[in-house]
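Student: One structure is given below, represented as structure tokens, and several questions about it will come after.
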Amino acid sequence: MRARLLALVVLLLLAGCSSGSGPGDGPVTLRFQSLAWQEESVTAVRELVAQWNATHADVKVEYVQGGWDSVHDQLLTSFEGGEAPDIIHDASDDLADFAYGGYLADLTDLLPAGLKSDIPRRSWETTTFGGRVYGVPFLQEPRVLVANATWLRRSGVRIPTPGHPWSWPEFRQITRRLSGDGKYGVAWPLKEPVSATLNLSLSAGGRLFHRDADGDVTVRFEAGDAVVPRTVHDQIGADRSASPTTLGSGGSDILPGFFGGRYAMVPLGFSYRQQIVQQAPEGFRWHVLPAPAGADGPAQGVSPQTLSVAADSRHKKAAVAFLAFLLRPENMVRLALGDWMLPTGTQALADPALHTAKDDWAVGTALAAYLRPAPAQSVRGYPEWKDKVATPAFQEYYSGAIGLDELRERLEKDGNLVLARYQR
Amino acid sequence: MRTRPAARVAQYTALLAYLVFLLLPFLWLLSVAFKPPRELGSLHPTWIPKDPTLANFRQAFDEQPLLHAAFTSLLAASSAAVIAVALATPMAYVMARRRTRLARAASGWVVVSQAFPFVLVIIPLFLVLKKLRLIDSVPGLVTVYVVWSLPFALWMLVGHVRTVPVELEEAAAIDGAGRLRTLVSVTAPLLAPGIVATALFAFVTAWNEFFFALVLLKTPEKQTLPVVLTHFIGAEGAADLGPLAAAAFLATLPSLAVFALIQRRITGGRLAGAVKS
Amino acid sequence: MTSATERSRPARPARPATGAGAPRGVAGHGAWFLVLPALVPILVLSVGPLLYGILLAFTDAQSGRTAPTRWTGVLNFSDLLRDTLFWESFRIGLLWAVTVTALQFLLALGLALLLDQDLRLRRTARALAIVPWAMPEVVVGVMWRLVYNPDAGILNETLHDLGLGDGRDWLSGLATALPAVIVVGVWAGMPQTTVTLLAGLQNTPPELHEAAAVDGAGAWRRFRAVTWPALRPIALAITALDFIWNFNSFALVYVLTNGGPGGRTRLPMLFAYEEAFRYGQFGYAAAMGCVMVAVVSVFLALFLVGRIRGGDGG
């Protein structure tokens, strides 16, 4: 009986093993998990995959649809279980733990020289961990202010340009001028407050993460880090120039209020223009304005979207060849247009289609030069720090539940405890 | 016993209040599932869709691999139910009929297993299944479901076995029937409805299960229905309400059907009977 | 579920053990043969992982293949002691479990008492009342998201119609999120408790009620004197189980709020899940699991001992 049971268990296990995909003798099949989700970008990616498959009989690419909301959990488990897709779409601030965990292939020597030189160094920095490159940064977006054009013109405030943006104090003063009567100068969608705060803080010299001689990272919340949080906090609390009800909202949630004339400006990613174009009522006029600048100019942090190859992939060369195809300048332009974002490649960025006045493409493109690697880049444990410590701390600070000292205390004390666990 | 009319009215009112609380959310789900997008976007939603449509259902099937997920769920839940009951029935019989140390240890384990947070079991189980390369596979999930539903199946079955009078078995034994024959021809038929009910219950539990499926199945095309449902809620919590409601409603139908089948057994107090035993 | 069996026995008159009189022949030597099919999976896939899990809590096991796992002694536990976020989550978990269990019990008792009355339509009502039990937890979460939705939800619309203000974003508000989720927890768990209590009620002999009624006892006195003593063991059992289940609940908050806003609904189970399967901190998450088991066991032991003593005294 015991023997028979054992046989049963073994059978069950075999059944499980054999259901995994085995290497075939036929053409190589690569699984490409894409996170594209807007209709236009899904179409663009699918078309490129079809184009590749039509011209490469020996390497088939299979499109797998992933989702941004659960990508980190999903990839972690897939890597652990040895079931990860060959080609992985993600964002650079999510890669550190996977890169250090040994799940991603080192692409340093695999990438073609053309692609390497096309993408600027500061973009490569976002995917370089311990001197090795674990992904190709390909799309990025600046955070911008989308403004109600009619309202702003009527109020007579100075309209900022990428070359001459507002300063943070100026921004605060202007939102105060625009507010009143149940209307607000700005509505911060703060459901995900951390990357917005940290990336914008770069303009004021905020670094937050400090690396010591041993390479260990600690959190220190200094004067430069406080500029942006304090501005937002005061707009919501003291000035009543920012709507207090949008703290739990995502970017899409605040659009109805923006269209309805309740908010003069909404700070959003550059790609939100697509939703605005789709949903804005007829006759609604809007502008893209650069985000306010601080002591360090209009610099801001960015975590580009990335494409990586799994360390477990048996066909790394083929996978990189597909990446090189997907990221050819003309294809990068298509992907960028599909996602309403900016390409990292210099050739793609020079494409006239991305410099039109229509939908303010030109404003975003002009900001590309100021994008820097996000401060959180390459910090192990950043995702956990962000979700567990920083998100609640910033949300409570912005809602007025805690003060700046408590915010600093939580970011540093609780935060360093988390980071320490990853750096033993 | 007489009840005063005033008290009666109060009782009916209370009952009505309960039913409203318990059922209205479900009716709202139905209402949303049949509303066109324009109505969902309106600031003053109504209970009855003004312009009912099946478009949400079509869109739900277009957006996510619902049929495939339903098939995976069906496969996982029915295998788990059948295997769990097959393994548990003999043991339940022993536990009900004999008081060996083993039987007592088993009842003890049934109790303890209720109190353990799954997370303490799932992490090591995940690491073990990883070594066996059973992550991201339906057999792996079924294995977990079987082990997870065993305590409950055992406990329900023990209750059922106890309802089969020992005297019948004794009589058969006196008549010279062998041990196995007694079990097969006397006990089994009387136990059959209980076994079926237990299996159905195990089926619904596995069909509805989310946590293990979320942890173990990661490839989108291998996921079960509850996990696929969560994909309708996109980044930043923005959800396409219509298709989400339509898909959620469809996912509930099998559970409702099975519950309707075993409803009498459940309300008939089998559960509490066993608690009380 | 048999916890009830074990615990309730002392309070009840001793009964002959069911198995004592069974013929040795039927399940005698074959016992092992009958038990093994269930026992092997239990040992291999349940008890085994459990012990493995406890061991893991003393290691630095992490996702990733670059660093080997090492023993770290009680480091995880000392980290955990200082981890204010975990304890905050734990506090929320206890608050959630106690509130939901208590409300579930009170509401379920009321409904069970009603369904035990000789009311018209009570069969239909009984069948309808278990609908929430049949629904997948994910669907329950989805459904209540639709109810709570700030713009398209029926709750705000109803409040608006009743002139009770414009409503709010229930699941995103720092103050409203936990209460909103608690309502869902009560809703989802009520039917099972109701059914269990109802069965308990139906096992109390009606003659007792009638006798008490003849004595002129009011409804409350009848409940105290007749119904409650008979119902107590079941009530204790289902409350204890509800508490454990609620403390371990996961899917509802995962779907409804994903732990937000600001961690206000991050139940310990969700916390540990994220620690293990989002951040890959297996050892640390296992330590959390151990602490959760320990605290829940202590809590439960105190509750049951207290209740059983209290019952014996009164």
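Yeah, the Cβs are placed from backbone N, Cα and C, and that goes for glycine too.
Note: TrEMBL annotation is automatic and uncurated.
Pasting the feature list from TrEMBL:
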| type | residues | note |
| --- | --- | --- |
| REGION | C:1-23 | region 'Disordered' |
| COMPBIAS | C:14-23 | compositional bias 'Low complexity' |
| TRANSMEM | C:31-58 | transmembrane segment |
| DOMAIN | C:90-303 | domain 'ABC transmembrane type-1' |
| TRANSMEM | C:94-115 | transmembrane segment |
| TRANSMEM | C:127-147 | transmembrane segment |
| TRANSMEM | C:170-190 | transmembrane segment |
| TRANSMEM | C:230-256 | transmembrane segment |
| TRANSMEM | C:282-305 | transmembrane segment |
Student: With a Cβ cut-off under 8 Å, give me the same-chain residues at least six positions beyond the ends of the transmembrane segment (C:282-305) that come close to it.
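Tutor: Those are 7, 53-54, 56-63, 69, 72, 76-77, 79-80, 86, 90, 94, 236, 239-240, 243-244, 247, 268-269, 271-273, 275-276, in sequence order.
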Student: Tell me if the transmembrane segment (C:127-147) touches the transmembrane segment (C:230-256). I count contact as 3 or more CB pairs below 8 A, with pairs 6 or more residues apart.
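Tutor: Checked: the transmembrane segment (C:230-256) vs the transmembrane segment (C:127-147), in contact.
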Student: Before we move on, state whether the transmembrane segment (C:170-190) and the transmembrane segment (C:94-115) share at least 3 Cβ pairs under 8 Å, counting only pairs 6 or more apart in sequence.
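Tutor: In this chain the transmembrane segment (C:170-190) contacts the transmembrane segment (C:94-115) - 3 or more Cβ pairs sit under 8 Å.
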Student: Apart from its near flanks, which chain residues at least 6 from the ends of the transmembrane segment (C:31-58) lie with a Cβ under 8 angstroms of it?
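Tutor: The answer is 71-74, 76-77, 282-283, 286-287, 289-290.
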